[in-house]
Every structure is written in structure tokens, then in C-alpha cells.
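Trainee: Here you go, one structure.
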Amino acid sequence: MATPVVTKTAWKLQEIVAHASNVSSLVLGKASGRLLATGGDDCRVNLWSINKPNCIMSLTGHTSPVESVRLNTPEELIVAGSQSGSIRVWDLEAAKILRTLMGHKANICSLDFHPYGEFVASGSQDTNIKLWDIRRKGCVFRYRGHSQAVRCLRFSPDGKWLASAADDHTVKLWDLTAGKMMSEFPGHTGPVNVVEFHPNEYLLASGSSDRTIRFWDLEKFQVVSCIEGEPGPVRSVLFNPDGCCLYSGCQDSLRVYGWEPERCFDVVLVNWGKVADLAICNDQLIGVAFSQSSVSSYVVDLTRVTRTGTVAPDPMQDSRPPAQQPPHPSAPLRRIYERPSATGSEPQRVKQNSESERRSPSSEDDRDERESRAEIQNAEDYNEIFQPKNSISRTPPRRSEPFPAPPEDDMATAKEAAKPSPATDVQFPVPKLEVLSRPPVVTSTPAPKAESPIIPATRNEPIGLKASDFLPAVKIPQQAELVDEDAMSQIRKGHDTMCVVLTSRHKNLDTVRAVWTTGDIKTSVDSAVAINDLSVVVDLLNIVNQKASLWKLDLCTTILPQIEKLLQSKYERYSYVQTGCTSLKLILQRFLPLITDILAAPPTVGVDISREERLHKCRVCYKQLRSISGLVKSKSGLSGRHGSAFRELHLLMASLD
């Protein structure tokens with residue numbers, strides 16, 4: 001009897017070179033799970049069909065890197081926001097620019113389409129949220145309340161609310177009809193990166209850099225549960241279409257959670273790194289991640305993933321009475337969204353600005369729209385995806401075929417997987433280890449053509465003859481074969497030097513750690529600075545940055561000169577710069593208002609030693625911040641992740657100018 005072929009639970013689908021420069025944002029079409037849009041530092045938005053190597057369409061018009069992209073529900077429109085604050089909307093079926101929206105003063109960090117109306121919401125690094133009417137090409141309303149960059153926006157399934165997540169550690173819920181904030185959800189201790197509405201119930205999920213996922217009841221406006229212990233910052237979450245569970249795209253793994261009570265149903269290892277977006281189609285979860293100019297797509301077979309807390313019956317123990325089953329997790333525990341009917345429904349009503357505040361189309365916008373183009377790179381794929389075959393159906397088809405799963409690489413593993421095993425109800429399951437095959441990188445550039453067999457008219461040697469046949473033979477000394485000792489010495493070349501460097505670094509860190517155990521953070525930092533090794537300072541700052549409460553004013557006076565060195569460092573530039581930017585951001589958020597207030601306060605009568613010491617520290621910090629301000633301003637024009645970080649710091653340091 002033939003052994004059934006056991007296929008993988010998770011596998012890598014493909015890898016493409018999506019842009020000529022770094023990829024800065026991407027999004028999956030949630031309706032089909034087959035359409036991918038990418039934004040890059042080359043100021044373009046490219047459209048792709050999942051598992052096809054060629055770009056379908058390239059959208060131009062932005063003059064700065066594209067920081068955020070979003071597709072509407074029918075996947076007919078796409079909106080993209082840039083570092084300069086401009087927003088452009090394209091009609092994909094007509095292959096043309098639809099609207100150019102101007103108004104934000106900094107990076108566009110988040111975008112979302114209204115599920116029913118002709119509205120787009122945008123969140124920016126300038127802390128503002130704007131609601132745009134695509135038909136009238138104007139800002140309908142502006143929502144103020146966040147104190148830092150708005151990282152994620154989501155409309156509720158019924159289109160009446162808007163949820164926002166920001167770097168100020170808060171989640172806010174806005175009422176579109178009343179034009180005001182309904183509720184604020186504090187609780188996260190780090191920047192909130194993502195929010196997602198439950199597809200049916202009044203429930204909201206939020207994921208943060210504090211490595212937690214929180215669930216919020218939208219009737220009682222209070223926390224339902226909190227899942228802690230994520231392996232890294234939470235950047236991507238998605239509810240199952242029936243609402244039975246929540247998927248979290250973690251570092252190299254997919255985790256499946258329930259919330260009442262909080263529990264982990266399953267963990268699947270997927271080597272996708274930092275996954276950027278998730279979509280579900282045909283009982284398959286599609287995940288996409290990007291690194292530099294490449295985008296990789298992965299598939300997880302959800303039919304082999306545990307999505308509920310029920311226990312499967314054990315065929316070996318039929319004689320035992322069945323265990324009492326918990327209630328189905330998708331059973332509604334709270335109010336259900338009331339969606340408008342397809343026909344005869346009233347248009348969405350939203351609070352609007354006065355006519356004097358609304359922005360009318362200008363000739364400058366018209367010029368921008370003329371300069372924006374939709375370049376069709378692959379006509380066949382474009383016609384298949386965006387051109388409707390008739391008035392009823394449209395591709396990508398809603399019933400597209402699932403991606404075929406490859407067989408297991410290890411046959412021994414496959415045989416073990418084929419054996420029946422008693423089911424157990426595990427609270428935190430062991431991850432399913434999947435060995436992912438790595439397909440070759442697919443690029444959209446054509447392969448080099450083979451050389452033509454035609455003989456050129458001009459040649460340096462006669463046809464059919466070799467000049468070397470008529471020259472005296474020259475003995476070429478044979479290269480002596482390397483013996484094992486020589487080969488090993490070449491392999492180990494430089495190894496001893498590296499060992500010395502790492503040993504010295506380890507010794508220095510042991511010295512700092514010995515001081516750290518005494519509980520004196522300031523002395524620990526002073527000892528790290530005295531060693532005069534930036535790598536030790538970076539290691540220490542990476543620890544201190546995890547807990548903002550460790551920062552004190554006297555610590556800033558010691559750290560700020562080191563931050564200036566880190567921002568200018570060329571050795572291990574990217575890790576040093578990232579750590580320096582994170583530390584400087586914490587100092588600006590916690591201490592800059594205090595420093596400016598103390599320096600602006602009038603002098604007091606009498607002698608106050610503690611106040612004089614505090615005033616002296618503030619003057620030192622202010623002088624150092626002024627020195628760093630010029631460096632930050634000069635680097636704010638950089639592109640990519642570090643350019644965005646410097647621009648955010650420049651905004652925070654605006655009060656120093």
C-alpha cells in the first residue's frame with residue numbers, strides 16, 4: 001500500500017526584486033489574497049500578482065519615497081502616501097491617477113479606505129489624522145489627539161468608527177458621524193504598531209512594540225485580555241474571517257490566539273523574518289516580508305493549524321465518555337456590527353469641516369495629476385486581473401485555486417507525521433518545525449541573450465586558426481596543492497585577531513555588569529563611557545532603552561555626547577545610528593519639556609542647592625542638544641529607515657531652533 005505524501009504546513013512561495021532601490025512599504029489585497037502592492041524609495045508603487053515574477057503595473061508621480069500603501073476592498077483603487085506628506089489615489093482598472101491630496105506636513109505613516117463610502121483616512125508623523133473625500137478632492141475632517149506619529153488606521157466593518165494607533169502608546173476610537181473621539185485605550189508601554197477590528201463583534205485588537213497584544217471591548221470600552229510574551233514587536237495581526245481566532249505574524253513564526261480567556265492555540269515556524277502583512281484565501285494564510293529591494297511571500301496551510309480550543313476525539317479511546325466541549329469561540333459574546341445593505345442604503349454620514357477650511361482643487365494639483373502615470377508592465381496579467389470579463393464577475397476570482405503545498409523534505413519526518421497520535425489540549429503548543437526550501441530569486445529583468453553565432457567582420461586572429469599553435473610552448477609552473485595545514489591557516493587568518501577583540505569586549509562588559517548589579521545605573525554608564533569603546537556603550541544603551549523609567553536627568557548629561565558620536569559613527573554605521581536615534585528620541589520625549597521649562601523659569605529668591613544643580617544639568621543638556629540638532633537636521637534628508645528616524649527627531653527638536 002502506497003504511503004500518502006505528507007505536505008508542508010508552511011513554505012516559501014517566491015522571492016522577487018520589487019524595486020530598483022529599497023522597499024519601504026507593502027500591502028496585500030485582502031479580498032483575493034493574490035494582489036500585492038509595494039512602495040519603494042524609488043518613489044514608485046508597483047503592482048504584482050502573487051506567485052508571478054513580473055510586475056503588472058508601475059505607478060509614478062510621487063517625488064519622495066513611498067511610506068504607506070493601501071488597497072480598497074474591491075481592489076480597484078490604491079492609495080499611496082509619501083515622505084513629503086502627499087497622497088495619491090490611482091484607479092487600477094482605468095490605469096490612471098484619480099486624485100492628488102495635499103495637506104500633511106510630514107511622512108504619511110498609515111492609510112485606510114472606508115469600507116463603503118468614497119473616503120480615505122491618513123495618519124502622519126505630524127500627529128494628525130485626516131479624512132479625505134475622493135470625489136470632492138478635499139479634506140473632510142481633521143482628528144487631533146495623538147502626540148506622536150500615527151502608525152495604523154482601520155475603519156470599523158460598519159464604517160461608522162475609525163481606530164488609530166500611535167507611537168504615544170495609545171489606541172483611540174473616533175466617531176465619524178460626531179467628528180470626535182469616543183474613547184482612548186491606554187495600557188501599552190510601547191509604540192502601538194497595528195490595530196484590527198473583529199469582523200463581526202464589537203472587539204478591537206492592538207499590537208505593540210512592548211511585545212503584547214491587547215483586546216478591547218467596544219461596548220464597555222475596557223480591556224478584555226492581554227497576551228504577553230511575544231518574541232518581538234507586534235507588527236502584523238489578522239482575525240480569521242469567521243472571527244474564531246487572531247493570527248499574529250511574529251519574528252519567524254505564526255501564532256494563533258484566543259482572547260476569552262487569553263490562550264495560544266498553535267505556533268507554526270515560518271522563516272519569513274519580519275512579516276509585514278497577512279491575508280487569507282482558500283484556507284491558506286499568505287504572508288509577505290521585505291528586506292532591502294526584495295519581497296518574499298510565504299504560505300501557511302490553515303487546515304493543519306489549530307484555530308479553536310476544542311479537543312479532537314481520540315480514536316484509541318472511544319470507550320471513554322467524551323469530554324465536555326467548550327462553547328464555540330465564534331459564538332457572539334457581544335454586539336454585532338450592523339452593515340448597510342447592498343441596495344438602497346444611505347451614504348455614510350461624517351462630520352465635515354466648514355467650507356472655508358476645505359481645500360478646493362488647484363492648478364498645482366492638476367499638474368501633479370498630469371505628471372502621475374500608470375505604466376502597464378505586463379499587459380496579459382493586467383487584463384487578467386484588472387479588466388472585468390463582464391458586469392458580474394471580476395478577476396482575481398474570489399474562488400481562486402489554492403497554492404499547491406510541496407512535499408516534506410525529510411521522509412522520516414513525513415512517516416512520523418503520518419502516524420496517528422492521541423490529541424491533547426495544549427495551552428502553549430510546541431512549534432511545528434517546517435524546513436522551508438529556498439527558491440531562487442526571481443527578478444523582473446530579462447535574462448541575458450545568448451551570443452549570436454555570426455562571425456564579426458573585424459577579427460584579431462584568422463578564422464579557424466589559433467595563433468598559439470605557431471608559438472613555442474611555454475611551461476607554466478603548476479600551482480602547488482595546499483596541504484591541510486596551509487588550508488587551515490588561511491581559513492583561520494584573522495580569526496585570532498577577532499577572538500582578541502571579542503574577548504576584550506566581553507571583559508569590558510563584565511566590568512560594566514559588575515557595577516550594574518549594585519543598582520547604580522549612573523555609575524554603570526560612567527564606567528562604560530570611561531572604557532572608551534563605543535560598542536560597549538551601544539550594548540548598554542540597548543538595555544537601558546528597553547525601560548524608559550531608568551532614564552534620569554544626570555544620566556542624559558553623560559549619554560548625550562556619546563549619542564553624538566554614535567550618530568556620526570562610520571564603523572557598524574547602521575546599528576550604531578539606530579541605537580543613537582532610539583536613545584535620543586527617549587531623551588527628547590521625557591526631558592526636553594522639563595529642560596525648557598526650568599530654563600525659562602524666573603530665578604528664585606534665596607539659595608536652593610538642589611535647584612541650582614538641576615539648573616546646571618539642564619543647561620548642559622540644552623547645550624548638547626543644540627549641538628546634536630544641527631547634525632540631525634543635516635541627516636534628515638537621507639532616504640530609507642534612518643532618514644525617516646532623523647526627520648522624526650528633527651520635528652521633536654523643533655523647539656530648540
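Cβ atoms here come from the backbone N, Cα and C positions, even for glycine.
Take a look at what TrEMBL says about it:
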- 16-58: repeat 'WD' (REPEAT)
- 59-100: repeat 'WD' (REPEAT)
- 101-142: repeat 'WD' (REPEAT)
- 143-184: repeat 'WD' (REPEAT)
- 185-226: repeat 'WD' (REPEAT)
- 309-425: region 'Disordered' (REGION)
- 348-374: compositional bias 'Basic and acidic residues' (COMPBIAS)
- 493-653: domain 'Katanin p80 subunit C-terminal' (DOMAIN)
Trainee: Sort out the residues at least 6 away from either end of the repeat 'WD' (185-226), same chain, that have Cβ-Cβ distances under 8 Å to it, and list them.
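Mentor: Contacts of the repeat 'WD' (185-226) (Cβ under 8 Å, skipping residues fewer than 6 from its ends): 148, 151-157, 161, 163-173, 232-239, 241-243, 246, 248, 257, 259-262, 332-337.
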Trainee: Are there residues at least six beyond either end of the repeat 'WD' (143-184) with Cβ under 8 Å to its Cβ atoms? List them, or say none.
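Mentor: Result: 106-107, 109-117, 121-125, 127-131, 190-197, 199-200, 204, 206, 208, 210, 216, 218, 221, 337-340, 348-352, 589, 648.
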Trainee: With DSSP as the reference, give the number of residues of the repeat 'WD' (143-184) in helix, strand and coil.
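Mentor: Its residues divide into 0 helix, 23 strand, 19 coil.
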Trainee: With DSSP helix as H/G/I and strand as E/B, how many residues of the repeat 'WD' (185-226) fall in helix, strand and coil?
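Mentor: The composition, in the requested order, is 0 helix, 24 strand, 18 coil.
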Trainee: What does the DSSP secondary structure composition of the repeat 'WD' (16-58) look like, as residue counts for helix, strand and coil?
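Mentor: Going through the repeat 'WD' (16-58) residue by residue, I get 0 helix, 23 strand, 20 coil.
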Trainee: Could you put numbers on the helix, strand and coil content of the repeat 'WD' (101-142), residue by residue per DSSP?
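Mentor: Tallied per class, the repeat 'WD' (101-142) gives 0 helix, 23 strand, 19 coil.
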Trainee: In the predicted model, what is the mean pLDDT computed over the repeat 'WD' (59-100)?
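Mentor: That region's mean pLDDT is 89.
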Trainee: Could you give me the DSSP helix, strand and coil counts for the repeat 'WD' (59-100)?
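Mentor: Computed counts for the repeat 'WD' (59-100) are 0 helix, 24 strand, 18 coil.
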